[in-house]
Amino acid sequence: MNTGDIDHARRVLRDTGFRVVRQVGNLNAFIVESEHHKISKRSARLESQQAEKILSDPQVELFSREKILSRQKRDFIELPLTAKIVRSVNEKSKTEDPFWGDMWYLNRHWKDSKQFDMNVTGAWNQGYSGKGVSVTFLDDGLEWDHPDILQNYDAKASTDINNHDDDPMPRYDETNENKHGTRCAGEVAAVANNSICSVGIAYNAGIGGIKMLDGDVTDSVEAMSLSFNSQHVSIYSASWGPDDNGEVVDGPGPLARRAFIEGANAGRGGLGSIFVWASGNGGRFEDSCACDGYANSIYTMSISSTSERSQKPWYLEECASTLATTYSSGDERAGEKEIITTDIRHKCTSKHTGTSAAAPIAAGIIALALEANPKLTWRDIMFITVLTSRAKAIVSNNYIQNKRGLLVSSRYGFGLMDAGRMVEVAKNWVNVPKMVTCAVRNSNFQVKTIQKSHIIEAVLTTDACQGSINEVNYIEQVEIIVTVRAQQRGLLEIFLISPMGTKSQILPKRPRDQSADGFKKWSFMSVQTWGEFPKGDWVLNVGSSDGSQVQLEDYELVIHGTKEKPVEYEKFLNNDEMTPLNSTTTSQASRTATLNQPDRSSNALIKPNPCSECSGPLKSNCTLCLDGSFLSLETNECVQTCPTGYFSNNKNECEKCDDTCETCEFSPSYCLTCKSLNVQQYSVVYKNNYCVINKKNNECDLGEYFDASSTECKRCDLTCSECKSNTAESCLSCSDSRRPFLNEGQCVTNCENGFYLNSTLQRCFKCSDNCKTCKSDANECIECKIGFKLNDKNLCEKIINANCSDPNCQQCLSKEKNQCQICKNGM
């Protein structure tokens, strides 16, 4: 029952034959039951009448009978082929724990500097160990008196939902069925240097257990677990979910959904509870986490796995909602090792497996980041994870580069988490702006049906709630909520293409799913357009891999993000080098990769950074800035971020937006938001990413523009369908199919040299100044201008060669004759 406070609930239930049993966690929801046996056996008709009476109260949102849910732990039955732990201590070990030397996923860079690990020592060496952070595990219990856990046990983060008491101790049996929670907990907070078992990633964090899987799991059980003591608990880690058999589509019920929302909004004093979720183990059944509503939620951090050899594990599930990856088990028959942690009956194991083992590693790393900066919100943690994870640590052809420049994968999210990087960035992180949500529907949509091998294409055009309190300019997550019918649900495939051209597969086929139910208002979530601009055409493609009939009945796009630019993404791009960081020190590579964010409380222009090249000794004599900062063309100073009204161009300069643009990106005229005019009869109208002056309440017709001098609408040039004035260089969109592309306000057949085509926006943008020609991105050069050469990253770098054979040559490609690029003055 979902209603107001408990006294109101009791008043509503009076004379209905029900009574309140208990509150559901911190939520305004209550478990009720019949008062006596007679009523509990009442007819369906009587039950319906009583429910109707209860629901008639305006404060009652929900009254329904609870169902028992199928929820599975995301580890595996141990096989007979099980190697014992090597009981040795690595010579380079910095702990006295006997199995530290075998924790390859935390320390193998010491044995081989070319190997990646989670770089937790990079965080430890900065002085962080999770102190003051509380992590709890929603699981089958916690053996809190385990000698490697007891010192860090947090009773305030612990309870037993199944048995209605405060002791999360697991129930013991001959099969050791309830070992799962204790194994997960040891990964995070096993005590360091106590000569017992292993060491936790956040070995000084508080660790708790919420026992909720050792009994019937219902919506209220999940909600109570997710909301337990949310002002004390920082991180909730869950390594379970619906059946991973490739046949099920299931997610949180209404109470659990509310627990997620209230946790994000109110947990940790309003900073938000952090929910870490194992992405799923159904890979062998070709399952997808797109059909798991927990891993697919905007409020959870869905964590995937990679094996010791950085291979795709056989159990891995793919989906567009996966945020990041940690290490876990792989192919044991090929010799790949698993995860070492605590085990029940005061033991230690080397056999923790699956995404069950991956999610706690992420929770431990997040605890380190929260110790470094306790003021981080739940979204700050997501941003830092996105920006510091190492995509190139996992060699895969599954990555795409989105139009913000971030590498992302349906298998691995944004890559392998890096504790040292996360902590270094977290220390000086500035909270991102408030999240806003823009929901978009097509009010004119008609049901679409396809036969055979065709694909349904549905287009939603949006201004992303421009001008409203829900305006989104920078994407975080995107949800597409669909109702679709199919003869076999498992053969459906769905793709979403963003306005900037990033194509995400939001549903792969799942051949084992034979259901004919389709999807009814199911929300698919994607993080793969993170950082992109949402305005324009979103294209949804729906089809069936066997060509059978599919019917798209309804769909809705929900865009989550910010109006203001949350972070200077450019500082974090191209810093994912293949060489692993040296975790024993904070290396220069790490410093470069994790530049601090600006202080947004003051004007960025008065906070200079050192310049790399200058024309004099003053801070206003900069001509070129260090990586991660930008040259202000107004003051010739290097700044950490471009102020409002400017954008960072491809020369790392702060270039001024057009006079009508409040904010812009890519070019001065590519507006994100418009200025408001202090003139009563005029307004600024947002059209096709341009801001144009118009007469209030009298918008000109298509093919016309508003001439402020005559206060009349006048015809555009014939090549323009929309324009700012009557010249051929002032088009906002093109009318001539022979010249469909906008190039600096002019409609052209092909982009000019020095420009590249963004086919989604149908616009030409400038290449980097050093590029003669480029493709798909300003910095992806094909040919360089004189004086520059193409390097292995497709960037044009300056040719510096003072040893030219020709004495009249200032700069040359080589010492050979006829290789001069630039002559000396006077030649």
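Cβ atoms here come from the backbone N, Cα and C positions, even for glycine.
Any TrEMBL annotation is an automated prediction that lacks curation.
Not measured: the values here are computed from a predicted model.
According to TrEMBL, the active site, charge relay system annotation covers ASP139 (among others). For the recorded site, ASP139 (active site, charge relay system), the DSSP three-state label reads strand.
If you look up TrEMBL, you'll see HIS180 (among others) marked as active site, charge relay system. Counting every protein chain shown, the number of other Cβ atoms lying within 10 Å of the Cβ of HIS180 (active site, charge relay system) is 25. Under the three-state DSSP scheme, HIS180 (active site, charge relay system) falls in the helix class.
Look at SER356 (active site, charge relay system): DSSP puts it in a helix. Less than 8 angstroms from the CB of SER356 (active site, charge relay system) sit LYS73, ARG74, ASP75, HIS180, ARG183, CYS184, SER239, TRP240, ALA278, ASN281, SER328, each of them six or more residues away in the same chain. Feature annotation from TrEMBL assigns active site, charge relay system to SER356 (among others).
Per TrEMBL, the feature compositional bias 'Low complexity' maps to 583-594.
Residues or ranges marked as domain 'P/Homo B' by TrEMBL: 431-565. Within the model, the domain 'P/Homo B' (431-565) carries an average pLDDT of 93.
Taken from TrEMBL, the feature region 'Disordered' covers 580-603.
Under a cutoff of 8 A between CB atoms, and with a sequence separation of 6+ in the same chain, the neighbours of ASP139 (active site, charge relay system) are LYS73, HIS180, GLY181, CYS184, GLY209, ILE210, LYS211, MET212, LEU213, ALA238, SER239, TRP240. Helix, strand and coil content of the domain 'P/Homo B' (431-565), in residues and according to DSSP, is 3 helix, 70 strand, 62 coil.
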